[in-house]
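Chemist: Take a look at this one; I'll ask things after.
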Protein chains: 2
Amino acid sequence: MSALDQTHDRTLTSWVTSANGHADFPIQNLPFGIFQPHGGSPRGGVAIGDEILDLREAVSLGLFEGPAREAAEAASGATLNPLMAVGAAARRALRLRLSELLAEHGAERAKVEGYATILLHQAADCTLHLPARIGDYTDFYAGINHATNVGRLFRPDNPLMPNYKYVPIGYHGRASSVRVSGGDVVRPNGQRKPASEEFPSFGPSRNLDYELELGIWIGPGNALSQPIPIAQAAEHIVGYCLLNDWSARDIQGWEYQPLGPFLAKNFHTSISPWLVTAEALAPFRSAQPARPEGDPRPMDYLWSEADQQAGALDIRLDVLLETATDRVAGRRPVRIGGSNTRELYWTPAQMVAHHASGGCNLAPGDLFGSGTISGTTTDSFGSLLEITEGGRKPLALPAGETRRFLEDGDEVIFRAHGVRDGFVSIGFGECRGRIAPAI
Amino acid sequence: MSALDQTHDRTLTSWVTSANGHADFPIQNLPFGIFQPHGGSPRGGVAIGDEILDLREAVSLGLFEGPAREAAEAASGATLNPLMAVGAAARRALRLRLSELLAEHGAERAKVEGYATILLHQAADCTLHLPARIGDYTDFYAGINHATNVGRLFRPDNPLMPNYKYVPIGYHGRASSVRVSGGDVVRPNGQRKPASEEFPSFGPSRNLDYELELGIWIGPGNALSQPIPIAQAAEHIVGYCLLNDWSARDIQGWEYQPLGPFLAKNFHTSISPWLVTAEALAPFRSAQPARPEGDPRPMDYLWSEADQQAGALDIRLDVLLETATDRVAGRRPVRIGGSNTRELYWTPAQMVAHHASGGCNLAPGDLFGSGTISGTTTDSFGSLLEITEGGRKPLALPAGETRRFLEDGDEVIFRAHGVRDGFVSIGFGECRGRIAPAI
């Protein structure tokens, strides 16, 4: 876990004035991403207010030295994989230097601000790309309320599997179809067999859903057959994003036995473009919530005192929906759910340690999903499956529409913020996707 | 499906004399791989008898023109991903030209043989690498006898799931831990909970197994949201290899509900190093075996007349075991199982069409496993789980040892051959792995 330092100082402001009071990207955040300015090539940048600092140009201008320069150069190319590989020390040196360069009262403000036209791009004028070439993508199932809610639909008396409180359940997902936020999510075709029909049929999914997840970016990896001890696991996490694990529930229900979800999930996964670093989130760590009495203690390979004390994240999550009708009418998106990462039964470090415990090798640019994060009340659920109890109780929207599952034209928007007294709030930016009709 | 042409002529022999009568690599095969000569860098090559033709050197010597040159250049680098991307036409042109260059009675034999010291490397002196950077790895479950045998262990009266004969069941596997044949496979640690114990414990897998599978290499891919019609699916397959889906049965049994296998499989997957092309296998295609009466016809998106007529493969498969005791005693490996790819319920083209049917994008260098290929008799089973009925009936080896599951020091060897009257047999080379003790 990262320590607090001067980059978290609540009194810090930036000469990039749009950053001051910005809901997502004040100077205390400094997330990394890959952006493409109009007419330019993709390269690494840092979100600051409504603008993006161009790391390639900043390196060319000689603004970094030592480990900070090493990290900035690693973040100057078309993917952040090299930055993810450098390790926490260089990454922290870069953060410290970026904070200094962008600070309203920084020693070099005059010089740096003089470069502003070279260094800064209006975010609205840039295209954002995936932050990394994703090697492998793994989806966990650590949202215990989601697992309970979904399990209850199938097994009312015994919703959680016997392994749930011992094993950080996860499965491999499809890396090639992970896409950055924005644009269309095409409704998949697939085999569906409702209980009311004798035989399956092939056609557009009728039960298309979102899943609200935290994305976890892996930094330095491990060699095959060399597990990662839980005490070192946090050092392998470079940062976080939002992740929408779009799910076709009808396809999933028919295909998933006995080897798990496949086509129900691999048609598209959306992530937010900005990698919010572990360092930026230092103020928003929390103790792992106490397990209910009777729950087993995590096994030794999943237990460290430091992780239990500060390994969880305290991030507020929101799900908004904008329907096609809303869009035409000019209505703002409606909040339909959301919760907090404190609802996760396993910490990100436990996921890393578990994943590598049998020897599986992780690599810089691997991505984990946390599993759907739901609270315990309907307005805190992270999927329509839970909100509508499998489609049986449609959600009533304020303008009079209802939803069992997603309809064509619906746009789902995730947002996330770290909020804590004594600190400036930071955000993740948005993770968006709009449902397009099946082909 | 590829057509027969002069490269399959049974009377063809090579001036590389070790190729003539070679069990795996006669001139009718010409598989591609990535090899590294002593002191050199990894590059593409072609197995011919006991030697490897260096494609980088062959390009430098100007031996190719037109599409053959395009393909040869694409195969000259450190991975075959570029070759996989070029498509069937250029790949076939390269095969035709290689056959001509290596033929005993080829028009340019004298010139080419004069380059032999530059062009050829003794395979025994070279290191073989993975043929490609694997983007995503998917494991299917198309071995219906395996699915039945495994299902019977858990559900004696109803071993196959209701979806099995409609859905080419598959799941995403771990790409990062796929390794080329040879070397150690370290026994994984993990959570296990035998029925006899009240609580799970963490430690070395006690039920380590192999799974005999065909590997399928994807060539040209598809864009996200653009399915691949079944009639075109075969053109997206560049070739085949052997694949050992090492499996920790005790870890699998405890972790796999409800999202499928994870750590039980992702510690190591072995593949044979040579990509046997779809073109080389043209003589060893067969009609898809007739489905038993009462089985449903494949849905339209999985049905093409051409695929039903010639989309299956007729490849003999063998599993051999060499124990540490055998090795010390100088005994040869013992055949303990093996079957034929005709036991697969779905063709490779059906796997491709299904995978992309919901819009998932495939890419050159993606790898599929077929699922474990078992026959219907104990000596044809593709895993110890099936041979020993879950460990209950130990396998008696000829020299007096027995096996429930794999022990440290055991080496598992897969072999495969296309055999058909009127054609020269070709082989895949070996897929080997030796169990090393848990760390």
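Numbers here mean position along the shown chain, with the first residue as 1.
Placement of Cβ uses the backbone N, Cα and C atoms for every residue, glycine included.
Just lifted these from TrEMBL, have a look:
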- B:28-131: domain 'Fumarylacetoacetase N-terminal' (DOMAIN)
- B:139-435: domain 'Fumarylacetoacetase-like C-terminal' (DOMAIN)
- B:D139, B:E211, B:E213, B:D245: Ca(2+) binding site (BINDING)
- B:Y141, B:R155, B:Q252, B:Y256, B:T372: substrate binding site (BINDING)
- B:H146: active site, proton acceptor (ACT_SITE)
- B:D245, B:K265, B:T269: Mg(2+) binding site (BINDING)
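Structural setting of the listed features?
Modeler: Computed over the domain 'Fumarylacetoacetase N-terminal' (B:28-131), the whole-number mean pLDDT of the model equals 97.
Secondary structure at B:D245 (Ca(2+) binding site), as computed by DSSP, is coil. Within 10 Å of the Cβ of B:D245 (Ca(2+) binding site) there are 25 other Cβ atoms, across all protein chains.
Shown in sequence order, the list is empty: the chain has no residue 6+ apart in sequence with a C-beta less than 8 angstroms from the C-beta of B:R155 (substrate binding site).
DSSP classifies B:H146 (active site, proton acceptor) as helix under the three-state reduction. Long-range C-beta contacts of B:H146 (active site, proton acceptor), restricted to its own chain and to partners at least six residues apart, with a cutoff below 8 Å, comprise B:E211, B:G371, B:T372, B:I373, B:S374, B:F381, B:G382, B:S383, B:E386.
Its Cβ taken as reference, B:K265 (Mg(2+) binding site) is surrounded by 27 other Cβ atoms within 10 Å in the chains shown.
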Chemist: Around the Ca(2+) site (B:D139, B:E211, B:E213, B:D245), what further same-chain residues have their C-beta within 8 angstroms of the site's C-beta centre?
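Modeler: Apart from B:D139, B:E211, B:E213, B:D245, the close residues are B:L212, B:L243, B:N244, B:S247, B:K265, B:T269, B:G369, B:S370, B:G371, B:T372.
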Chemist: Compare the C-alpha of B:Q252 (substrate binding site) with the C-alpha of each of the binding-site residues B:D139, B:E213, B:D245, B:K265, B:T269, and give the closest one.
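Modeler: Considering only the listed binding-site residues, the nearest one is B:K265.
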Chemist: Tally of helix, strand and coil residues over the domain 'Fumarylacetoacetase N-terminal' (B:28-131) according to DSSP?
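Modeler: Going by DSSP assignments, the domain 'Fumarylacetoacetase N-terminal' (B:28-131) contains 49 helix, 22 strand, 33 coil.
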Chemist: Can you filter B:E211, B:D245, B:Q252 (the binding-site residues) down to those whose Cβ is less than 8 Å from some Cβ in chain A?
Modeler: none
Chemist: Spatially, which candidate from the binding-site residues B:Y256, B:K265, B:T269 is nearest to B:E213 (Ca(2+) binding site), comparing Cα atoms?
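Modeler: Sorting the binding-site residues by distance from B:E213 (Ca(2+) binding site), the top entry is B:T269.
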Chemist: For the Mg(2+) site given as B:D245, B:K265, B:T269, which other residues of the same chain have their Cβ within 8 Å of the site's Cβ centre?
Modeler: B:D139, B:G173, B:R174, B:E211, B:L243, B:N244, B:W246, B:S247, B:N266, B:H268, B:G369
Chemist: Measuring Cα to Cα, tell me the gap between B:D245 (Ca(2+) binding site) and B:K265 (Mg(2+) binding site) in whole angstrom.
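Modeler: Taking the Cα atoms only, B:D245 (Ca(2+) binding site) lies 7 Å from B:K265 (Mg(2+) binding site).
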Chemist: Just give me the nearest neighbour of B:T269 (Mg(2+) binding site) among the binding-site residues B:D139, B:Y141, B:Y256, Cα to Cα.
Modeler: B:D139
Chemist: Under a three-state reading of DSSP, tell me whether B:Q252 (substrate binding site) is helix, strand or coil.
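Modeler: Once the DSSP labels are grouped into three classes, B:Q252 (substrate binding site) ends up as helix.
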